[in-house]
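S.K.: Here you go, one structure.
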Amino acid sequence: QKPGAKLLIREDGSGIGTLGGGCVEGDIWFAAQQLLKNTGPTQFREYQLNEDLAAEEGLVCGGSMYFMIDPIYEPDEVLGFANEINDAYSGKAPVALATLISKPGEYLLPLGSGIETGRKLFIREDGTTIGSLGSQAIDNDAIYRSSKLMVHGANEYVVTENGTEYFIEGYTSPPKLILVGGGHVSKAISALAEKLGFHVYITDDRSEFANKERFPEAKETIAMQPECALKQIHITKNTFIVVATRGHRYDSDALAAAAKTAATYVGLLGSKRKIILIYEDLVKMGLSRD
């Protein structure tokens with residue numbers, strides 16, 4: 001599993017998610033149930049599986065694995081930011097959550113120290129926060145790093161200069177791909193993009209080229225002029241736009257509208273000559289080269 005994989009374990013022993021299966025997950029599952037039973041604090045666990053141990057246990061592969069068992073005893077412990085994380089998954093502003101693992105010289109921070117393992121800092125896109133990792137300097141470092149991570153829902157394990165360890169998780173909705181133009185190129189791209197996890201949006205001013213029958217995998221089809229259609233979609237930094245209309249004039253209008261959005265990527269289908277001509281026209285219209 002990739003870093004950030006999660007397994008929710010309930011008090012009754014049921015669960016949601018996976019850490020990859022096998023004996024290690026079984027051990028984590030048992031430890032989590034014991035933790036809940038004894039109302040213990042957050043635990044950080046390390047597993048070193050060398051080739052001999054992996055072979056002895058019948059594992060496919062070895063390596064190092066690190067897990068945090070983070071109990072929730074009261075809803076108020078997470079409700080302050082859980083709803084906003086859910087909103088981020090649903091297409092609203094991205095957010096990030098930083099969790100403290102250890103401070104210098106301490107593998108597991110003691111309960112009551114004021115900066116326990118599991119302490120959290122919730123970070124919004126605008127830089128406002130809930131909670132603290134126990135130090136303004138570490139909080140500032142986490143806020144800075146999260147601004148990039150939350151855009152694409154990435155995560156990062158961080159060791160600061162003084163040895164403090166923490167983990168940041170970015171939360172956002174799946175990436176959006178907006179295809180401006182419902183021709184054969186967009187039809188091929190749409191099917192592939194949906195399989196890769198994109199939420200696909202199709203726009204074309206002709207309804208016969210922007211409909212669910214033609215693009216059944218699309219999240220939404222919009223039969224409008226490009227500049228109007230793009231205003232109907234919530235565009236964030238996790239949005240990608242491909243312009244592939246039926247003509248030079250339509251491409252130019254669509255590209256001009258797309259360039260003014262927050263999209264991370266705006267691409268134009270066409271020959272080098274055509275693209276240069278359109279770019280030059282847009283610059284003459286006052287659009288920045290950046």
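Backbone N, Cα and C atoms are what each Cβ position is placed from, and that goes for glycine too.
Heads up, here are the entries from TrEMBL:
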- 2-47: domain 'XdhC- CoxI' (DOMAIN)
- 177-288: domain 'XdhC Rossmann' (DOMAIN)
S.K.: How does the model score the domain 'XdhC Rossmann' (177-288) in terms of mean pLDDT?
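M.R.: Residues in the domain 'XdhC Rossmann' (177-288) carry a mean pLDDT of 92 in this prediction.
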S.K.: Could you put numbers on the helix, strand and coil content of the domain 'XdhC- CoxI' (2-47), residue by residue per DSSP?
M.R.: 16 helix, 11 strand, 19 coil
